[in-house]
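> I'd like to ask you about the structure that follows.
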Amino acid sequence: MRPAPRSPPALLCCCSAGLLLLLLLRWRRWKGFWKKVEAARQRQEEGLDRMEKAVRSFREQHPSVNMVSILSLSLPELSRKLRDGSLPPEHVFYAYLGKALQITRETNCITEYMQESETQLQQARPPGKPGLLYGVPVSIKDSINCQGHDSTLGFVKNINQPMAEDSVLVQVLKRQGAIPFVKTNVPQSLISFDCKNLIFGQTFNPLLYTRTPGGSSGGEGALIGGGGSILGFGTDVGGSLRFPAAFCGICALKPTGNRLSKKGIISGIRGQKSVVAAVGPMAKDVESLALCMRALLCEDMFSLDSTVPPLPFNEEVYSSTQPLRIGYYETDFFTMPSPAMRRAVRETKKLLEDAGHTLVPFEITNVDYVTYNFCIRGMFADGCTSFLKNFEGELERGSMGTLFWLAKLPNCLKAFVSWIAKPFVPRLSNIISSMRTNTVEELWSLHQEIEESCHQFIAQWKKLNLDVMLCPMLGPALGIGYPGKLSVAVSYTMLYNSLDFPAGVVPVTMVTDEDEKELKGYQGYFRDWWDRTLAKAFHGSVGLPVAVQCVALPWQEELCLRFMKEVETLTLKKNQLV
């Protein structure tokens, strides 16, 4: 016999009980989620309290130490004084600890204080000749592994997951005498040029708190830009070193992808090889970056990671004074430069020509194709599966803007939405189309196309007999929240991740009232929602720094730095004459 059907009230009771159980389970899950977040924030605050107590104690015991004079030294000057013994490492450490504390209270850039740095400080003086970075306090991006500390990437699931060992980069830094003392904030997943996550919140630009410091190495940019660190380290898969440096008015170098070891450094999209990631230094001036590269390109680096080519720093190339043959362009014809960006390139070109260098126009083409088909398609070739997997069980996705929601669409829906959008918003259509799942054959074909494109770019470079290239850098710093709406604006930086060329940024000017007036006529090349939004993001930036990009061929970091140094020197001379 069939069981008697349940009455509507009985069914209602069963459904209500099931729903109640589901809500209870979800409530318990989110309660645990927020408990972890609260614990991480508490640990962050306790670390800052320890920093404050340590600084106060030092100042009470050493009232005559002039912290301001220590903070005013450049890294080469500081390093020289530390190594010859004229400046005690303790004085330097606590000077920067105090300044770092001040800057993070203002910008929320530090996620964790490495208390063991105080122990390392006491043991810093090695027998024999000290390393090039002896006694130098350095800051480390969240995603670079440090033993005993989390590398969260802004994900709650990674809280209380301390790393078992230091990354190779941190190991080499320690062997060179450097003292890693803080870890710094990042955007959730790293795939953003803002700097916000649910655990530690928003990091602010030290130059103007309503502006983003850039990302994903945004905590580093804010800390160094505010003077709280003299040398820091970040990563770059689309501009993540260069955006924070440009937005915060400092310098950074993105090396060729494998010039420095990436062993022990966590990527936002693990395993993808189409767009080449790199780890690199950030500092207030170019000479500091050069000193850092001298220290890192050593036998320790090459022996700890045998995949890194054993290429020591080439001092002869960096120190050369021979005139350079420099290619340049003012726009990539994909993202219209702000008036200040265009002026930065023109003024730098003029300074270089007046100094005896030869400037040659370079015709940049197909940046739209590279952006869609090499960069976006390459990073999300698995249909965004790896990217989305990072977000399983996570809440905050706001900093991703529309990118996250587009990524979630199934392939058939991506194709349909792309087709619908094509006549109205062609850039959005191309982005959606580029995020579909590729077959293995398609991915291999893509890699071949990327390789051929790189060779064609180099052939064009060599046909003009160029040494280096002067390029625009997105700027000034955008308002907080805008990067999530403006993923297309990475075209100026991501090109050189696709090509795997070394690229650095140097601040050269500041936004003027005249730039602001010209911005009223900004329409962009596509006159779409993105162009209108970018104009709003640039608005109200008078006084903020604007940088240029300096680019060299693969493995020529020393030549890139030499060019950066030339730009920096000429800019400083010009400013002194004004």
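Each residue, glycine too, has its Cβ placed from N, Cα and C.
Computed from a predicted structure; not experimentally measured.
Per TrEMBL, active site, charge relay system is recorded for K141, S216. The annotation active site, acyl-ester intermediate is assigned in TrEMBL to S240. The substrate binding site annotation in TrEMBL covers L190, S216, V237, G238, G239, S240. Annotation source TrEMBL lists domain 'Amidase' at 95-561.
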> Measure from the Cβ of G238 (substrate binding site) and count the other Cβ atoms within 10 Å, all protein chains considered.
28
> Within the same chain, and leaving aside L190, S216, V237, G238, G239, S240, name every residue whose CB is within 8 angstroms of the centroid of the CB atoms belonging to the recorded substrate site, in sequence order.
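Output for this site, in sequence order: I191, S192, F193, G215, S217, T235, D236, L241, F243, G268, A277.
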> Within 10 Å of the Cβ of K141 (active site, charge relay system), how many other Cβ atoms are there?
28
> List the Cα distance (Å, whole number) between G238 (substrate binding site) and S216 (active site, charge relay system).
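Computed Cα spacing between G238 (substrate binding site) and S216 (active site, charge relay system) is 9 Å.
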> If we check Cα distances from S240 (active site, acyl-ester intermediate), which of the recorded positions K141, L190, S216 wins as closest?
S216
> Rounded to the nearest Å, what's the C-alpha distance separating V237 (substrate binding site) and K141 (active site, charge relay system)? Just drop the number here, would you?
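Counting only the Cα atoms, the answer is 14 Å.
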> Other than its own, how many Cβ atoms are within 10 Å of the Cβ belonging to V237 (substrate binding site)?
25
> Same-chain residues six or more away whose CB lies under 8 A from the CB of G239 (substrate binding site)?
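Within the chain, G239 (substrate binding site) has Cβ neighbours under 8 Å at F193, L474, V490, Y492, T493, M494, N497.
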> Can you tell me the CA-to-CA distance separating S216 (active site, charge relay system) and L190 (substrate binding site), as a whole number of Å?
5
> Between the Cα atoms of L190 (substrate binding site) and K141 (active site, charge relay system), find the distance and write it as a whole number of Å.
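Approximately 11 Å lies between the Cα of L190 (substrate binding site) and that of K141 (active site, charge relay system).
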> Among all chains shown, work out which of the recorded positions L190, S216 has the most CB atoms within 10 A of its CB.
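Result of the Cβ crowding comparison: S216.
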> With the substrate site defined by the record as L190, S216, V237, G238, G239, S240, how many Å span the farthest pair of C-alpha atoms?
11
